[in-house]
Structure formats: structure tokens, C-alpha cells
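Sequence annotations record features per position, and here TrEMBL assigns transmembrane segment to 6-24, 36-54, 60-79, 91-111, 131-155, 181-206, 218-236, 248-272. Feature annotation from TrEMBL assigns domain 'Cytochrome c assembly protein' to 65-264.
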Amino acid sequence: MLGLSWLYDAILTIYALSVLAYFSDFLQRNRKANRFAFGLLSAVWTLMTFFFLGRAWEKQYLPLVTLFDTLFFFSWMLVSLSLVLNWFYRVDLFVFFANVVGFAFLAFSLFAPQETTPEGLEHLRSNLLWLHISMAFFSYVAFFLSAIFSAMYLWHDRMLKRKDWHPRLWRFPSLEVLDRFAFRLVAVGVPLFLLGLILGAIWAYWKIPGNFWLDPKVLASLAVLAMYVAYLVRRLRHQWPAKRLAEWNLIAFVAVLVNLLVSAAFSSFHLWL
């Protein structure tokens with residue numbers, strides 16, 4: 001890690017400058033600041049990719065296990081997907097909100113443990129476990145991005161109802177677009193999360209003694225799955241208005257965060273997030 005510390009410091013510095021430039025554009029529309037921020041964010045993505053590959057080479061395994069790895073990879077995925085979405089759809093406010101959180105995750109990783117336990121290293125020999133972890137990561141990112149769109153929906157809806165004609169209002173996508181993006185991301189996240197659960201259950205069946213189904217992490221994950229399935233069912237059947245769906249989506253994401261805390265604090269075997 002020492003050989004990569006300079007690269008990590010560079011990433012953190014450039015990322016901070018990018019977020020500040022986006023914040024400047026958020027306060028008062030500034031296309032130059034926006035383009036500058038996007039360029040810096042692209043540089044951050046490149047450096048984060050090199051850092052991730054370098055750490056994988058150093059450790060000789062895919063670094064997705066420790067809390068440090070988890071936070072870094074989550075931040076990298078937020079940068080990746082926000083760049084892609086902004087390239088195709090020009091959702092500047094969304095990119096700003098996503099990367100404020102992405103930067104916070106990256107900064108917090110400074111204080112996270114970087115080494116895994118011998119038991120954790122032994123678990124890493126399983127390809128099934130890698131697939132489980134990877135799919136869980138992708139589903140978490142999809143749920144998080146969906147939650148941002150739902151939060152933007154509620155904010156936009158509130159401004160419209162209060163007739164708050166602030167110039168920032170016109171930078172929001174329409175309510176219909178925000179609702180559609182939130183739904184599509186949940187529609188992507190749920191199958192990934194379900195497949196991750198199935199693969200994790202298969203791995204645990206062979207590796208974990210006793211009844212792992214009663215582990216708090218497993219129960220919390222099933223609760224999260226049920227909440228997002230309920231969201232999809234209500235959305236597809238048009239049983240709830242868009243505002244209520246947005247509120248439920250945010251509640252479901254809070255459940256995701258609780259699930260991650262359960263993994264870290266109470267699970268008897270789940271050593272990763």
C-alpha cells in the first residue's frame with residue numbers, strides 16, 4: 001500500500017477539486033466550472049482504476065473484502081456510473097450529488113482497516129464468493145443511485161408545489177424522467193441482489209456450519225429484497241403514485257444501510273459488506 005499512497009493522495013486531492021467545481025456550478029450556473037469538474041472527474045476515474053489494479057496486483061486477489069476496499073470500490077463505481085449517465089443524459093445535479101457522497105466514501109476509507117483476517121483470506125479462494133460479492137456491490141450502487149433520483153424527485157416536487165421558481169429548478173430533469181431513472185435502477189439492482197443472495201446461500205451451505213439462515217445478515221438481506229420487490233410490484237401495477245414510490249425507495253435504501261451495519265456488527269460469518 002505504501003507504494004500506492006502517493007496515488008491515493010492525488011486521487012483525493014483531484015476529487016476534492018472536482019466536487020468543489022461542481023459545487024460552484026450548483027450555486028450559480030457556470031458551464032466552464034461544470035466542464036472543468038467533468039474533466040477532473042474523468043481524471044479521478046483513470047487514477048482510481050490504476051490504483052485498484054495496482055492494489056489487486058500487490059495483494060494477488062481482487063480487493064473487495066476489507067472495509068477500505070469496499071469504500072474505495074463503491075466510490076469508484078459511483079464515479080464510473082455518474083460519468084456514463086452524464087455523458088448520455090446531461091444530469092449535472094445528479095452527478096454533483098452522487099460525487100459528494102462518492103468523495104465522502106473515499107475520504108472515510110482513509111480511516112478504514114486495509115488488511116483482512118486469515119479467515120477472510122481463506123474464504124477468498126472461492127470463485128463463488130467473488131461472484132456473490134461483485135453482484136452485491138453492483139446492486140448496492142444501483143440502489144444508491146436510484147435513491148438519489150428519488151430524493152431529487154421529492155425535492156423537485158416540493159419546489160413545484162411551493163411555486164419556488166428558483167433558477168435551479170430548471171436544471172432538474174422532469175418528474176417523469178426522475179421517476180423513470182429511479183425505477184430502472186431498482187429494476188437492475190433487484191436481479192443482481194437476488195443472484196448475489198442465491199450465490200451467497202450456495203457458498204454458505206457448503207462452507208458455514210449450522211443454520212446460516214438465522215444469521216442477522218441473511219435476515220436483513222431478505223428484508224431488503226422484499227422491500228425492493230414491493231417497490232417494483234407497486235410501480236408496475238401503478239398501485240402507488242410516483243411521490244409515494246419515491247418515499248418508499250428512500251426508506252428501502254435506509255434498509256440497505258442498516259443491512260450493511262448488520263454485516264459489520266452482528267453477522268457471525270459475513271466478514272465483508
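Yeah, the Cβs are placed from backbone N, Cα and C, and that goes for glycine too.
Long-range neighbours of the transmembrane segment (36-54) within the same chain, counting only residues 6 or more positions beyond its ends whose Cβ lies under 8 Å from a Cβ of the stretch, are 3-4, 7-8, 10-11, 14-15, 17-19, 21-22, 25, 63, 72-73, 75-76, 79-80, 82-83, 86, 95, 99. If you look at the transmembrane segment (91-111), the same-chain residues 6 or more away from its ends with a CB under 8 A from one of its CBs are 11-12, 15-16, 18-19, 22-23, 25-26, 34, 38, 41, 67-68, 71-72, 74-75, 78-79, 81-83, 85, 144-145, 148-149, 151-152, 168, 171-173.
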